[in-house]
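Student: The following feature annotations were taken from TrEMBL:
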type    : residues               : note
BINDING : D147, N190             : S-adenosyl-L-methionine binding site
BINDING : N190, P191, P192, Y193 : substrate binding site
DOMAIN  : 8-77                   : domain 'Release factor glutamine methyltransferase N-terminal'
DOMAIN  : 117-198                : domain 'Methyltransferase small'
Amino acid sequence: MDTVSSTLARATRLMKDAGLADSPSLDARLLLCAVMDVSQEQLLARWHTEVPEEASQRFAAMLSARLAATPMAYILGWREFYGRRFHVDERVLIPRPDTETLIEAALAWIQEHSLEAPDIADICTGSGAVGITLALELPSSRVALTDISASALEVATENAMRLGAGNIRLYQGDVTEPVASESFDIVVSNPPYLTPHWYSHVEAQVLKEPRLALVGGDDGLTIIRRLVVGARSVLAPEGALFLECDWRQCDEVARIMERCGFAQTWIYNDLAGRPRVVRGNGICMNN
């Protein structure tokens, strides 16, 4: 049987050769930790220990999936987001670190405006990472999660139950339609915003994620336009809309908000310093 050391070395080499991982050695360690049910620290302490046969077989299957461009999050069954593990699989988009910008922007606005028990809507929720995070960070809030995909809502429901978010409710439907009769202080969304051209150039592993959650029409802004219109109708007069988009789209998204009656817009940068989230607020009621 192979040792932990030799197993990791071989897996790292194969992933490097396949060009699939930015951090092949980390991916290899995470996979081996998963099959051996140990932490990374415990794994390193067993560096020269042989990998049990059953674990070795499971590791080989996981490695094969990774070499076939299956995302690590799908193989492991989870992705960490804002300090919590969210279950993910092929039914939902994998949460990205840059989307935490959406959380930070919304939380800062809520604190700035002293909203003690805000009503929040997370549109196109997918795994529920954004809406559930806000619900857990703001226990007095009431959070509505919507998605057009019933299978995505199954994942969001599982995450809400496992993480103990009892202050949420979930609706199936297109953008804001399921909550059209409600009123919110905050609407947040990480909607589909890739153009078909951008999508055709994404990494192979991104193609494993739901296209429905990635592509936003011919110019990438189809869903965003409808979402801005819908959000305007469900936001309270002093409410705010927060949308994630590509850095190349932020200025146009701000203009879309302004044309729809949002008097003020603001753009937030992501972890890499690029524009990522657009806020619209100050709804003009005569528009």
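The backbone N, Cα and C atoms fix where each Cβ goes, glycine too.
Nobody curates TrEMBL annotations by hand; they come from automatic prediction.
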Student: Quick check: which same-chain residues outside N190, P191, P192, Y193 lie with their CB within 8 A of the centre of the substrate site CB atoms?
Tutor: C124, S189, A213, L214, G216, I223, I224, L243, E244, C245
Student: Under 8 Å Cβ-Cβ from Y193 (substrate binding site), six or more apart in the same chain: what's there?
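Tutor: G216, G220, L221, I223, I224, E244, C245, D246, Q249 - these are the non-local Cβ neighbours of Y193 (substrate binding site), listed in sequence order.
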Student: I'd like the Cβ neighbour count for D147 (S-adenosyl-L-methionine binding site), meaning other Cβ atoms within 10 Å of its Cβ, all protein chains included.
Tutor: 29
Student: Could you state the whole-number distance in Å separating the C-alpha atoms of D147 (S-adenosyl-L-methionine binding site) and P191 (substrate binding site)?
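Tutor: That comes out at 10 Å between the alpha carbons.
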Student: Starting from the Cβ of P192 (substrate binding site), draw a 10 Å sphere and report how many other Cβ atoms land inside it.
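Tutor: The Cβ of P192 (substrate binding site) has 22 Cβ neighbours within 10 Å.
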Student: What does DSSP assign D147 (S-adenosyl-L-methionine binding site), in three states?
Tutor: strand
